[in-house]
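Straight from Swiss-Prot, the features:
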- 26, 27, 28, 29, 30, 31: ATP binding site (BINDING)
């Protein structure tokens, strides 16, 4: 079996000479087998290893015994041991997620922490061939694309490694028995409360008995074949993503040209955009991809809500994917501005300079959209900065009647999601300047103007 593990390691370039490896160890057969084998291979690869164990505080005394077992196992082999105790159920309740998901987040965060403390460059996880088969089967049942069928990667992110990924669970259990390792058995793995356990305990044994004795091998081979095809499509999609997508802090704009691509590529472009925004593709299903594609075929202004607090909207054929913002405060924030000083509005990351111009030669009417001039007497003393409110109206320069601010934004082709971010300079409560775009007819300089007001708006650096 050790030779099979070495073959997996070398085939996937998992371990190089002088690597420092954190081994994730629960105390069960898989992780104890992995730790023991990597200990035996220390001299071959000239590696340093440590063990990281998380006590989830779910199974009471049994969890404490798991921790004690792993600690003593490490002491016996003189392996450095790191442990974290955390109430996973409490964290799950606070974050409103399942205990299973909370446990995974906590474990992987701890592995990363130990990686830094141990100055490691690899983290070894004990997934095996049966885990791979169960994962693929579970995703097929739930509904997945090729990305899900490819299963668990032998190497992820260049440093998460799975040396047992091609080893059957039966071989692992035999190794533990032959080496007299006496691993801990997690009783919850025998409960049928989780779908994965039902697949392991009921479905796969049923398929083995009635359809295919080597279903584990068949599912693993399926994963390998799909990985080859999927990796090629991902490579194409990556180049198309760079060509058609523009990333901002909380937004990705997918240009309309992207939607002429084949659906196999387009769906991957969309998934990449989602991953950029929320660092996860969890909960993103085919129906959501289809909704985004449908939104692009609709008229400008069409928008849809998506999982993970995202929204997509059509902006003249381009699709803007963004994180939804709290709109409850839109139009309610208002900031008083003062004459002859730089007004810093730190909350909005803005600096607004206001001063009286005494010499008309100082006026620069052309070339800077962030500096505008107004009749100071018309402006009055009450100057504020705010954002749009429902029912706002504005009289654009050169016109004699008010227009709805909403209609002005539409005519300017300002995306719906950007409209809430445009600062408005107001005099006595009336909009005088849609910053970056238009000034009001009501406060313009004319032949009767005696005092000129200069307002300059900038972003804080």
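Think of each number as a place in line: the chain as shown, counted from 1.
Each Cβ is built from the backbone N, Cα and C atoms, and glycine gets one as well.
Distribution of Swiss-Prot features across the structure.
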residue	record	contacts (Cβ under 8 Å, 6+ apart)
26	ATP binding site	53, 54, 66, 70, 126, 184, 186
27	ATP binding site	53, 66, 67, 69, 70, 73, 183, 184
28	ATP binding site	126, 183, 184, 185, 186, 189
29	ATP binding site	169, 172, 173, 176, 181, 183, 185
30	ATP binding site	126, 127, 128, 131, 164, 169, 172
31	ATP binding site	23, 24, 25, 126
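For the recorded site, residue 29 (ATP binding site), the DSSP three-state label reads helix. Other than the site residues 26, 27, 28, 29, 30, 31, same-chain residues with C-beta atoms no more than 8 angstroms from the centre of those residues' C-beta atoms, the ATP site, are 25, 32, 33, 126, 183, 184, 186.
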